[in-house]
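Record features, source TrEMBL:
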- 12-34: transmembrane segment (TRANSMEM)
- 46-67: transmembrane segment (TRANSMEM)
- 73-94: transmembrane segment (TRANSMEM)
- 137-156: transmembrane segment (TRANSMEM)
- 176-195: transmembrane segment (TRANSMEM)
- 215-236: transmembrane segment (TRANSMEM)
- 256-276: transmembrane segment (TRANSMEM)
């Protein structure tokens with residue numbers, strides 16, 4: 001078994017990381033109860049979904065650390081969950097502006113700046129796009145396609161893996177992994193673009209709702225869960241991370257990724273609790289207090 005092959009420092013490390021995962025889940029459960037009690041039902045599920053990203057990734061990493069053969073499934077579970085979180089984050093920004101109708105009313109004479117990352121941050125000559133119901137639909141479709149297609153590609157990868165046709169570290173053109181990863185990479189970029197466009201538009205309006213630290217936490221989870229894991233996998237494939245029998249280079253790289261993610265997601269869970277811990281029912285941006293005075297009185 002895995003625990004039998006560990007020395008005393010290794011067992012201590014595994015115990016500490018497992019405890020971190022447990023604490024992260026307990027903090028999330030406490031925060032979910034608070035959100036359920038204090039936040040209006042229109043925003044409740046979206047904010048719980050976003051807060052769940054770090055604990056879910058920590059849990060899947062912990063399971064993959066203890067049961068190495070489950071790494072393929074735990075990584076896919078975390079990836080599919082975070083694909084949904086990307087769509088939920090876009091919807092949260094729209095909800096925080098008062099919903100789609102109120103957002104369109106506030107920005108009826110404004111334009112989206114589409115020359116933003118990760119697609120077009122260098123294309124400063126791109127024209128601004130008028131904010132209409134149709135452009136909002138395309139932004140939401142951009143994130144929804146990823147939440148829908150990522151599970152499809154993950155299911156396809158799992159089927160090919162069980163049949164022996166998908167090997168994560170086989171990047172030859174004849175292998176399925178390189179093509180599936182390229183498609184998923186393109187879909188990821190297309191999903192992150194609408195979130196960046198919307199954030200650039202509403203960050204000033206929602207500064208009183210801490211949208212900047214919320215966006216920063218979302219970006220940290222994205223970078224650590226995708227970019228960090230990809231870098232460690234590349235280092236493992238190039239044998240820069242040496243093997244340590246009975247672990248191969250790729251197995252050691254997977255262990256490093258999982259252990260780092262547990263510690264990082266533990267910290268992000270604690271920070272998220274501070275950032276999202278506030279009353280939402282009568283907090284509105286100063287720009288819209290006058291036009292929503294009647295609604296606020298009814299709510300209170």
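Placement of Cβ uses the backbone N, Cα and C atoms for every residue, glycine included.
Nonlocal intrachain contacts for the transmembrane segment (73-94), taken as residues 6+ away from its ends with a CB within less than 8 angstroms of a stretch CB, comprise 43, 46-47, 49-50, 52-53, 56-57, 60-61, 63-64, 100, 103, 136, 139-140, 143-144, 146-147, 150-151, 154, 157-158, 191-192, 194-195, 198-199, 202, 206, 211, 215, 218, 221-222, 225, 229. Here the transmembrane segment (46-67) has long-range neighbours at 2, 14, 17-18, 20-21, 24-25, 27-28, 31-32, 35-36, 39, 74-75, 77-78, 81-82, 84-85, 88-89, 91-92, 95, 214, 218, 221, 225, 254-255, 257-259, 261-262, 265-266, 268-269, 272-273, 276, meaning same-chain residues at least 6 beyond its ends whose C-beta is under 8 angstroms from one of its own.
Non-local neighbours of the transmembrane segment (256-276) in the same chain are 13, 17, 20-21, 23-24, 27-28, 30-31, 35, 47, 50-51, 54-55, 57-58, 61-62, 64-65, 71, 210, 213-214, 217, 220-221, 224-225, 228-229, 232-233, 241; each lies 6+ residues outside the stretch with a CB under 8 Å from one of its CB atoms.
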